[in-house]
Amino acid sequence: MSKCPCKKVEACMGSHLPVYSTLYRHNQSIKEIIMKIAVYGKGGIGKSTCSTNISVALSLRGKKILQIGCDPKHDSTFTLTGFLIPTIIDTLQSKDYHYEDVWPEDVIYQGYGGVDCVEAGGPPAGAGCGGYVVGETVKLLKELNAFYEYDVILFDVLGDVVCGGFAAPLNYADYCLIVTDNGFDALFAANRIAASVREKSRTHPLRLAGLVGNRTSKRDLIEKYVEACPMPILEVLPLIEDIRVSRVKGKTLFEMAELEPSIAYVCEFYLNIADQLLCEPEGVVPREVPDRELFSLLSEFYLNPDQGEGTGNLEELDFVMV
Ligand code: ADP
Ligand code: MG
């Protein structure tokens, strides 16, 4: 049963105002969400960085955005809010899982550019299930009616798909977006994610929007993979020091660009991705490459760079040769 915030006293005078005022309007009409996007990729590849900046880019295009961090690291929305917001699981635990005692302002925080932010949090380490956490998060947001307030909901999901639990956000998504670099490990993870998308698309209206190349000036290995497993490449971002700094400063690139206009060119990468997503691309239902085929495809590329367009990343060579 949902609640009315009019009974609550406004609490936060800080810069990160809770957003309940927009969530509960009398006579509100529940509208359809235009789009739900799940961002996946190997750990540390730049999912949260891409997610937060794409969220701001979408917001700049006039959309109302909710970003849901689904990584136990719970730092998905850090560059939007500037701090680690309380997680849904922590909040539910503190209320003894009484959903009716949770208010939107307990769990939804407004970040830079008007992007609303939620962190699902993690299951107890070594016990519990990431899928359960995501399920509880969506259940609570639906209970609060928050799930129906947005034009775009973006799930920023933990690293690789290691089990069905981590694929849970795909149950709610219209599109999956994969972040990868030009190396073996991230492309291997991308291939497993592609397999999960194919599997989920049997029962859900889910498509793979495509790949975002990140932290790489080369795209030869990415292209080799895409030849074997066709999917769109939406953008390729090089390694950019200002992006690394943005994490340290707890700011999105868009916020940094307000004071440093020279950074504006970085924002264009994210705006380009956002614009492609807003076009509701056809995307693909991928057909992943079998593991052994993928190993030989990628290792052949490293060992015989002349046959490819460019050279593989030599740092990966030892691993591939084993
Ligand atoms: P993930 O969410 O996939 O674990 P993050 O988004 O937290 O990864 O990124 C990991 C680190 O890489 C962060 O310090 C981030 O600032 C940095 N980073 C991400 N993309 C880039 C890039 N294109 N250039 C430089 N640093 C980047
Ligand atoms: Mg992250």
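Each residue's number is its place along the chain shown, starting with 1.
Heads up, the Cβ atoms here are built off N, Cα and C, so glycines get one too.
Of the residues Lys64, Lys73, Lys249, Lys251, TrEMBL places Lys73 in the same ATP site as Gly44, Ile45, Gly46, Lys47, Ser48, Thr49, Asn214, Arg215. Mapped onto three states, the DSSP output places Ser48 (ATP binding site) in helix. Neighbour counts were taken at the CB atom with a 10 A radius for the binding-site residues Gly44, Gly46; the maximum falls on Gly46.
Taking Ser48, Lys73, Cys129, Cys163 as the candidate binding-site residues, the subset whose CB lies under 6 angstroms from any atom of ligand 1 consists of Ser48. A count of other CB atoms within 10 A of each Cβ picks out Arg215 as the most crowded of the binding-site residues Lys73, Arg215.
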